[in-house]
Amino acid sequence: MQVKLFYTLALWAPILVSAQLSGSVGPLVDFKTKAKNKTCDITDYGAVADGKTDVGPAILDAWGNCSTGGLIYVPPGTYSLATDLELKHGESTAFQLDGVLARGHEGSYQLILVRNCHDCEFFSGNSQGAVQGYGYEYLQDGNYGERLFRFQDVSDFSVHGFAAIDSPAYYLVFDTVSNGEIYNLLVRGIADLGMTDAFDIWGQNVWVHDIEVTNGDECVTVKSPASDFLIENIYCNLSGGTAIGSLGTGTNISNIHYRNLYMNQADACYLKTHNGDGIVKNIVWENVIVHRGPYPLAVNEAWGKDVGSTGVQVQNLTFRNWYGENTANSRPAIRIECDEDVPCYDITLDNVNLWTEDGDYVEWSCANAYGSGACLQEAKDTGDLATYTTAVTVTATPSYSATHMPGDFTTNPPSTAPFTIPPMPTSFYPGATPISTLLSLSGAGGL
């Protein structure tokens with residue numbers, strides 16, 4: 001159901017849901033209306049929930065008949081998916097995944113591609129749907145397979161209510177999307193290998209909320225170009241954490257609001273680039289809890305491969321109400337290191353309380369960054385900013401209490417066996433229930 005931002009939003013979300021959104025998000029027509037119009041049950045097209053028979057042809061046939069104005073239904077059960085799916089040119093359509101799609105072949109690119117879809121919804125009606133990637137078959141040997149999902153050129157959409165399990169590579173990529181809502185999702189996989197990003201998103205006007213991630217790389221990451229994102233109630237539970245980047249040439253990111261972030265052995269902010277170009281501006285991170293993050297708060301403009309351009313202009317970043325600790329005080333708890341040719345400015349640290357579980361001091365590191373808080377220098381004139389580098393050692397322990405989530409992992413999941421599909425979480429931030437209630441439908445569209 002589309003969320004209208006001019007409502008009081010009592011039925012949908014907190015009043016401040018529009019913090020960085022520029023308009024309405026979500027499908028224009030609800031899934032029940034689509035199901036009433038036309039329903040395509042994949043078992044009517046030859047699908048068998050035996051975990052062996054390839055369900056791909058049945059899904060493609062159902063999509064062909066219901067991708068305009070209808071609902072494609074995957075009933076409960078386990079289905080083998082041995083065909084890469086390209087679900088394209090959907091118009092006012094819904095895909096209800098109440099069963100499990102288990103990867104059944106060795107593909108090389110994308111297991112499920114949803115492309116050029118308008119007014120579409122990909123969801124689980126019983127909150128038990130899942131895609132099982134069996135990624136351990138690759139990752140235990142240091143190899144990679146295909147990605148689970150890619151949503152490309154999708155508008156007025158929602159994705160919600162299911163689990164993405166043990167991907168052989170990336171999990172969910174949202175490529176050039178707009179007016180979308182992404183929520184009530186669980187990612188669970190091997191937590192010690194990179195190139196396993198959970199959510200990579202770029203586009204315009206997107207609301208991401210109530211997400212839990214366990215993986216070996218980035219948790220919820222904004223890529224360029226992106227504008228008008230609200231990202232809240234995020235639980236990175238053994239993960240790289242929430243990031244911006246990495247950023248190359250032509251960067252254009254603005255009006256991104258992260259709030260209510262809970263990090264267990266993950267980082268809440270890692271903005272990374274190395275001699276790219278373009279701009280990052282108007283970004284907020286607030287209400288953040290970090291436990292054992294390697295780099296809890298980091299802006300690093302010398303990260304990775306040198307792209308060879310003039311540097312990304314970073315401006316107007318706000319970090320507000322942060323609590324927690326890093327893993328080792330040999331790494332700065334606060335690191336804001338900007339390009340000497342394009343210094344950062346208008347950076348604000350407000351009530352940021354970061355300590356360490358390793359020792360009796362923390363380091364702050366700042367370079368070519370201007371604003372207020374920590375080791376930042378103040379700027380009288382942003383038109384002429386000098387270069388500088390400074391490090392501060394802090395020995396005074398901040399006074400704060402940072403709660404823990406009961407589901408925090410303390411050890412990495414095994415990497416040599418299939419994952420059991422867990423139930424959908426009922427909380428993604430301490431003391432908070434999901435903004436949108438988990439669905440418990442019986443049958444297609446809940447009819």
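Quick reminder: no glycine exception, Cβ is built from N, Cα and C everywhere.
Shown in sequence order, Leu193, Gly194, Met195, Thr196, Asp197, Ala198, Ser239, Gly240 are the residues of the chain, 6+ apart in sequence, with a C-beta less than 8 angstroms from the C-beta of Asp217 (active site, proton donor). The active site, proton donor annotation in Swiss-Prot covers Asp217 and rests on similarity to another entry.
Taken from Swiss-Prot, the feature active site covers His291. On its own chain, His291 (active site) has Met263, Asn264, Gln265, Gly324, Glu325, Ala402, His404, Asp408 as residues at least 6 apart in sequence with a Cβ closer than 8 Å to its own Cβ. According to DSSP, His291 (active site) is assigned to a strand segment.
Here Swiss-Prot flags Cys40-Cys66 (among others) as disulfide bond. The DSSP secondary structure for Cys66 (disulfide bond) is helix. For Cys66 (disulfide bond), the count of additional Cβ atoms within 10 Å of its Cβ stands at 23 [all protein chains shown].
All protein chains considered, the CB of Cys236 (disulfide bond) has 28 other CB atoms within 10 Å. DSSP classifies Cys236 (disulfide bond) as strand under the three-state reduction. Among the features that Swiss-Prot reports, disulfide bond is placed at Cys219-Cys236 (among others), with the record citing similarity to another entry.
Annotation comment: Swiss-Prot describes Cys338-Cys344 (among others) as disulfide bond. Same-chain residues at least 6 positions away in sequence with a Cβ under 8 Å from that of Cys338 (disulfide bond) are, in sequence order, Val299, Glu301, Val314, Cys344, Ala367, Asn368, Ala369.
In sequence order, Ile334, Ile336, Trp364, Ser365, Cys366, Thr390, Ala391, Val392 are the residues of the chain that are 6 or more apart from Cys375 (disulfide bond) and have a CB within less than 8 Å of its CB. Under the heading disulfide bond, Swiss-Prot lists Cys366-Cys375 (among others).
Sequence-distant contacts (6 or more apart, same chain, Cβ under 8 Å) of Asn37 (N-linked glycosylation site) comprise Gly69, Gly70, Leu71. Asn37 (N-linked glycosylation site) falls within a helical segment according to DSSP. The annotation N-linked glycosylation site is assigned in Swiss-Prot to Asn37 (among others).
Sequence-distant contacts of Asn65 (N-linked glycosylation site), defined by Cβ-Cβ distance under 8 angstroms and a gap of at least six in the same chain, are Lys38, Cys40. The annotation N-linked glycosylation site is assigned in Swiss-Prot to Asn65 (among others).
For Asn237 (among others), the entry in Swiss-Prot reads N-linked glycosylation site. A 10 Å cutoff on Cβ-Cβ distances gives Asn237 (N-linked glycosylation site) a total of 24 other Cβ atoms nearby, all chains included.
Taken from Swiss-Prot, the feature N-linked glycosylation site applies to Asn252 (among others). DSSP assigns Asn252 (N-linked glycosylation site) to a strand. A simple way to gauge crowding: the CB of Asn252 (N-linked glycosylation site) has 15 other CB atoms within 10 angstroms, across all the protein chains here.
The N-linked glycosylation site annotation in Swiss-Prot covers Asn316 (among others) and is backed by sequence analysis. Annotation for Asn316 (N-linked glycosylation site): same-chain Cβ neighbours under 8 Å, separated by at least 6 residues, are Lys281, Asn282, Ile283, Asp346, Ile347.
Taken from Swiss-Prot, the feature signal peptide applies to 1-19, supported by sequence analysis.
Neighbour counts of Cβ atoms within 10 Å were compared across the disulfide-bonded residues Cys40, Cys219, Cys344, Cys366; the minimum falls on Cys40. Residue pair Cys66 (disulfide bond) / Cys219 (disulfide bond) shows a Cα separation of 33 Å. The closest partner of Asn252 (N-linked glycosylation site) among the recorded positions, by CA position, is Cys219; the full candidate set was Cys219, Cys236, Asn237.
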